[in-house]
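> I'd like to ask some things about the structure below.
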Amino acid sequence: MEPITFTARKHLLSNEVSVDFGLQLVGSLPVHSLTTMPMLPWVVAEVRRLSRQSTRKEPVTKQVRLCVSPSGLRCEPEPGRSQQWDPLIYSSIFECKPQRVHKLIHNSHDPSYFACLIKEDAVHRQSICYVFKADDQTKVPEIISSIRQAGKIARQEELHCPSEFDDTFSKKFEVLFCGRVTVAHKKAPPALIDECIEKFNHVSGSRGSESPRPNPPHAAPTGSQEPVRRPMRKSFSQPGLRSLAFRKELQDGGLRSSGFFSSFEESDIENHLISGHNIVQPTDIEENRTMLFTIGQSEVYLISPDTKKIALEKNFKEISFCSQGIRHVDHFGFICRESSGGGGFHFVCYVFQCTNEALVDEIMMTLKQAFTVAAVQQTAKAPAQLCEGCPLQSLHKLCERIEGMNSSKTKLELQKHLTTLTNQEQATIFEEVQKLRPRNEQRENELIISFLRCLYEEKQKEHIHIGEMKQTSQMAAENIGSELPPSATRFRLDMLKNKAKRSLTESLESILSRGNKARGLQEHSISVDLDSSLSSTLSNTSKEPSVCEKEALPISESSFKLLGSSEDLSSDSESHLPEEPAPLSPQQAFRRRANTLSHFPIECQEPPQPARGSPGVSQRKLMRYHSVSTETPHERKDFESKANHLGDSGGTPVKTRRHSWRQQIFLRVATPQKACDSSSRYEDYSELGELPPRSPLEPVCEDGPFGPPPEEKKRTSRELRELWQKAILQQILLLRMEKENQKLQASENDLLNKRLKLDYEEITPCLKEVTTVWEKMLSTPGRSKIKFDMEKMHSAVGQGVPRHHRGEIWKFLAEQFHLKHQFPSKQQPKDVPYKELLKQLTSQQHAILIDLGRTFPTHPYFSAQLGAGQLSLYNILKAYSLLDQEVGYCQGLSFVAGILLLHMSEEEAFKMLKFLMFDMGLRKQYRPDMIILQIQMYQLSRLLHDYHRDLYNHLEEHEIGPSLYAAPWFLTMFASQFPLGFVARVFDMIFLQGTEVIFKVALSLLGSHKPLILQHENLETIVDFIKSTLPNLGLVQMEKTINQVFEMDIAKQLQAYEVEYHVLQEELIDSSPLSDNQRMDKLEKTNSSLRKQNLDLLEQLQVANGRIQSLEATIEKLLSSESKLKQAMLTLELERSALLQTVEELRRRSAEPSDREPECTQPEPTGD
């Protein structure tokens, strides 16, 4: 055998470290999942014995490699040094998650052996024990430690990373949150939802009268306007949750009584809708209340698309009731448990509205199925436990007794144990052992334990646990009455037979205790007839599985009323005191004492109102109310363990702290000034309020060893004022620092979010000069009213668009388009604010939610299931589906909106989507009839026919039409198949030139790849090449395609092809011989299509008229400027003529002195 190897390697797909160990697999053995640690050494011995027997027949050693990592534990054969690993030859022996290894044992007698017990099948209670041998026994502790560490890491990952938003197991619905109501019970009558809606409408109406506001969208007609015609809709409670029955008046329709609705809380939704401290608060009730109701595997999530956070998270265990409205069938709600501030809990009903009744039916059905599946899975995952009557329990105790004994003593214990079996079982075991002829006592003991294990495992399959028998008998007692089922009788006989094996005293005590329990059950059934107010509660507590819960739960209804009502405790005790019988039964007394174990009763020191009965009884009842009202169902198990640990206490609640006689002697010595009586001790301190429990072994020293402690010096008012000022200043400083931190965190998150959005490779790198040109255009003041030169913009777009400015440039190009086409479109949508659209419910929610996961699944911004990216995308698509009722939502829109969302904010992306759909005319191809898409496919075929005839003939030869490969190009604008950098460049050109860019890009792509397409000779390879290979373009090819698009001009051809399509369609209708009905249908379809075409032509005519009007206005401006220029020219000519006259006059004047110059006398020269 090769020496053990220890190598560490890292997986490529995860950051987990996998550790490999070279071992020898001794063997394996399937065992029961209830196998305990004392049994495991005998199982290992059996595996080794079986391995030795097989080795004699076929001496082959199994060299294996055990791979340990947090993601899985894998055992596979070791190929050896000479052979190479081949997964086809060497398949893994077993592979499981490390958390399924629930027992590991190291053989102390032979340290080179160790074994692991792996859960294989939780349903059939099967496990497999694998035994390994290591060549180096010092490595065995390291191997066991590695397996345990991997299991620990895997369990932590399961806790911290639950599959909360898994597409496979979660279903999402859009609902409108109406409000919440605190109720006093975990279940409700059928009319609860309708009553809640009426209360919501009443409150909203009263608020509307005080401050006028629009009516909420969830307002529905009240019950007086619509009679109750429908039967009760679907309502159910989660199976497996313990429930308490309602009072009779509530079941008879007393929902309007003040006892059920404890409080109405619609105004403080933003404070109480969230369960827990780590979840962000949702929006205010007057803001967006639409939520995504997500049903997972074991929980319900309420996600706010507005805040992008989880607003509510409830486990199925916390939900006790779900119901649909009777009159308001488009509403539903559920009741769940929420923790209160004082450590207790209360029940809250959440009410929601859907778009229609069918959606509510689907939600209720999904909830019911999810509850059922979760209950089944939890039952399967529940850890198996041994009861006192389990056959394997006796084997467990036997293995515990013989643990550490030598062979002879072990043999004696086994012989004693065999005497408890039947004669037939003893004879069978004796014969089987003698057949194998063991060589020594140790082998004989191993064989006996092996046969005993097989015997007890067979018995365990038919065994009924104590708790299961009690539940079965209680359910049968409800249906049959006082009759016991046959299974309970058989179980009782089995229990008596097992008890008879013990001492006579123990058996008698157990029989007497069982008789007392039976008498207690009879007292329960008798009390049903005596007290009608306790009937439903007592009948329901008989369904509880454990005795402590059965005795702790039955309380009067007034205690349930205390969960949410504001009534006085004393009034409840007075009103219900005469209904109870005067003598308290022992079971009730025990129940009262048990409740005080976990609740110290000194908190009720204020004297209540005087009751009619004795004050002692009323006080005890008051204490019991407080202890039950603050006890959650999850605390009952803790309470049972405390009760079992501490045992029964004294008569009154205050005697639960009574000490043993040794402790009392110790306390007398330690505190001689105090009496040992606990009641007097408590009376002395009754004025101090609630005291913490004192350790019974702690000495009480009131004044300390050196006298009374020194009193604290009282501070003056000035010192107190300075302390308050210092605390206030510190708090103000802390608040300012928190605000600054929040601002810094928000700015950092924005930068990270923007960087995450723009995580794609740029096609045309933008130079600094081009970036400067764009920044200059974008920073122009009043740019939305200034027309820029189209040639300059074409040149800038052709040279590249900076990625971080792309969203702003798209808005700039949209503004220039509006300035160029100053005419109102006929089909412009209503100017509804984006925030108002988000407050409504859409009927297209299912299609949108399905496509969210398909839209850019590999991009980090959209990859998170129901993350910020997907929720923002959902908001945009939902708002557009509400704005454009004709189109609604169509596949492909999610990619268009996703590209816009990557480059701008949510609201800006919605505005740009409206621009593309209405102003650019994209919405025509998304209409339900898809006629425009058919025309586009015809236009693309004609372009191929005219520009690439050989490629067109090749595609036609194999019957490949454009609809097989080009439909996604038009519906998603290449975003579903091509890289994001290329798609961004396509969007740049669409904002600049319009929708004809899609034809240019498609024609350029097919033309540039024409030689490669012509090489394929069948339909599958051609379509696969166009869909898969062609989108994986290189950067050079992409940039070449973009440059070709800027040089193409096919606008006139596209118009001609569209007219040609309509003419051919009319000719085809006229030439085909049809029957009258078919011709009628054809004519109707033609009529409808012609009407749509007429509308389109009217729209185009309106566009042309708008253009004509704009041109006429331009001509008028030019004429007016021409007249102004003519007047200016006349003025300049007059001015010129005047200037010429002035020049002539000056010339004439300058010529006159020259004529008189000879007549002038020259002065004589002067002498020196």
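Glycine residues also receive a Cβ, built from the backbone N, Cα and C atoms like all the rest.
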> Annotation phosphoserine in Swiss-Prot: match it to one of S570, S575, S1089, please.
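Per Swiss-Prot, phosphoserine applies to S570.
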> So one of S237, S339, S407 should carry the feature phosphoserine according to Swiss-Prot; which one?
S237
> Look up S33, S507, S1123 in Swiss-Prot and give me whichever carries the note phosphoserine.
S507
> When neighbour density is defined as the number of other C-beta atoms within 10 angstroms of a residue's C-beta, which of the modified residues Y952, T1131 has the lowest density?
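Each of the modified residues Y952, T1131 was scored; lowest Cβ tally within 10 Å is T1131.
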> How many whole Å apart are the CA atoms of T1131 (phosphothreonine) and Y952 (phosphotyrosine)?
67
> Under DSSP, is T1131 (phosphothreonine) part of a helix or a strand, or is it coil?
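Reduced to three states, the DSSP call for T1131 (phosphothreonine) is helix.
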